[in-house]
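See below for the structure under consideration.
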Amino acid sequence: MKVTAAFAGLLVTAFAAPVPEPVLVSRSAGINYVQNYNGNLGDFTYDESAGTFSMYWEDGVSSDFVVGLGWTTGSSKAITYSAEYSASGSSSYLAVYGWVNYPQAEYYIVEDYGDYNPCSSATSLGTVYSDGSTYQVCTDTRTNEPSITGTSTFTQYFSVRESTRTSGTVTVANHFNFWAQHGFGNSDFNYQVMAVEAWSGAGSASVTISS
């Protein structure tokens, strides 16, 4: 979840050489997981079979929410999505989001965000180039915080796109391979979703996941 406020839910200047673009291996959408943490803080609707979801939230959001669609078991395969996302003045992310079981880790590939860049307050790991843009990469450690196994200590990994966008293909493997140089397990995946998260301000998102 967010780096600076109280963690909630189950659910970062060295430079790295660009990662060569691999051949994209797309998954069939095959969506089988709905992420709905505190979706009641806004208007969350979804169509799992169509791979679409929407979230609208207003000023006065009292806590953190994470909503989206994806898969019960994550992977390094590419994800293609399109979205309409408006979060100006809101602390919010549009991101590929998920967890690794061991070593336990929470991760984000942030495609667009509102008024808060998580790498502004975390430990920099450098940059990685993927899908037409440089991504800032950073990490943080969460100590005795809620997680997929209850209360635990785990690592967060973030890749934050500099040239933000709201549609495209995310070559997940590029990020996983870079993070793996810094302790990311790159296996034993828990769920993985295309998600919207926010914890302040107002905004809206409509997202379609095609692969």
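Glycine is treated like the rest: Cβ placed from N, Cα and C.
Now, the feature entries from Swiss-Prot:
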ACT_SITE  Glu106  active site, nucleophile
ACT_SITE  Glu197  active site, proton donor
DISULFID  Cys119-Cys138  disulfide bond
DOMAIN    28-210  domain 'GH11'
SIGNAL    1-27  signal peptide
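A simple Cβ count within 10 Å picks out one of the active-site residues Glu106, Glu197 as the most packed, and that one is Glu197.
Counting every protein chain shown, the number of other Cβ atoms lying within 10 Å of the Cβ of Cys138 (disulfide bond) is 25. In the predicted model, residues of the domain 'GH11' (28-210) average a pLDDT of 97. Around Cys119 (disulfide bond), taking its Cβ as the centre, 21 other Cβ atoms fall within 10 Å, counting all chains. The secondary structure of Cys119 (disulfide bond), as reduced to three states from DSSP, is helical.
Secondary structure at Glu106 (active site, nucleophile), as computed by DSSP, is strand. Each residue contributes its Cα atom, and for Glu197 (active site, proton donor) and the residue listed as 'active site, nucleophile' those atoms are 14 Å apart.
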